[in-house]
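**Student:** These came from TrEMBL, pasted as-is:
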| type | residues | note |
| --- | --- | --- |
| DOMAIN | 18-259 | domain 'G-protein coupled receptors family 1 profile' |
| TRANSMEM | 6-27 | transmembrane segment |
| TRANSMEM | 87-113 | transmembrane segment |
| TRANSMEM | 125-147 | transmembrane segment |
| TRANSMEM | 153-177 | transmembrane segment |
| TRANSMEM | 198-220 | transmembrane segment |
| TRANSMEM | 240-261 | transmembrane segment |
Amino acid sequence: VVVPEEVFFTVAAAGILENLLVLIAVVRNKNLHLPMFFFICSLAISDMLGSLYKTLENIFIILCKMGYLTRRGDFEKKLDDAMDSMFILSLLGSIFSLLAIAADRYITIFYALRYHNIMTLRRALVILAIIWTFCAGSSIAIALFSYEAATVIPFTILFPLMMIFMLCLYIHMFLLARSHAKKIASLPTSTVHQRTNMKGAITLTIFLGVFLCCWAPFVLHILLARFCPHNPYCACYMSIFHVNGTLIMCNAIIDPMIFAFRSPELRSTFKKMFCC
């Protein structure tokens, strides 16, 4: 199954531009200089890297078909390793950014009075620095030793484990929030605050669902390509490689739409940007 190149590059360009707009909006609006929006920027950067990776990979495939590059040359192998590293960086960056957003929302809901003491701007920046340092180091190591099963297996196991952990965190968050909502139903201001926090939790659940739908098919493709490349059923699934790659780039388009739709602050900032 082949996705037309025009569609492929249009989706990639739209994802990169949308996430770039999110980054510009957060940088320009000082009211958005908060830990939550910094974590959202981290997710936007991951989405941009995913779209950029698929764009470069498609260009690489086109150049190979035209005869300008060979698939087994020295330069081509280094280029392929660099693109694999970018893909892993994008995936790990998305996972840990979603985890950081989930943790931030958890603190907001259940430690609202102490939130500004727990999650300071400096602490958020330190967390992001640790996340991206770890992701960059892991992506380089995995790309260099990607032909070893000992490297591929932990990487693929990390994906479902992190998803299960976040899912458990969300379930715990919703159950506690429901319990708290019953206790403070008599306090109007607290109820409004609780609804605001729950809206944020619902937004994160949407993020998680979209991320799973867009990334899981491609991660499954990697597993099948490594462990059963010659099985006819695996080969059948791997024939939709381009569709799975396009799904990754669709994630980069959908995430900023969720930001803009669910966040009044970002919506107003976008309006100001577009209306000069």
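Backbone N, Cα and C atoms are what each Cβ position is placed from, and that goes for glycine too.
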**Student:** Please give the sequence-distant neighbours of the transmembrane segment (240-261): residues at least 6 beyond its ends with Cβ less than 8 Å from one of its Cβ atoms.
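**Tutor:** Contacts with the transmembrane segment (240-261): 1-3, 7-8, 11-12, 14-16, 18-19, 21-22, 40, 43-44, 47-48, 50-51, 54, 57-58, 203, 206-207, 210-211, 213-215, 217-218, 221, 267, 270.
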**Student:** Could you tell me what the rest of the chain brings near the transmembrane segment (125-147), counting residues at least six beyond its ends with Cβ under 8 Å?
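**Tutor:** Apart from its flanks, the transmembrane segment (125-147) reaches 38-39, 42, 81-82, 84-86, 88-89, 92-93, 96-97, 100, 155.
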**Student:** Can you tell me the mean pLDDT for the domain 'G-protein coupled receptors family 1 profile' (18-259)?
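**Tutor:** Over the domain 'G-protein coupled receptors family 1 profile' (18-259), the predicted model scores a mean pLDDT of 80.
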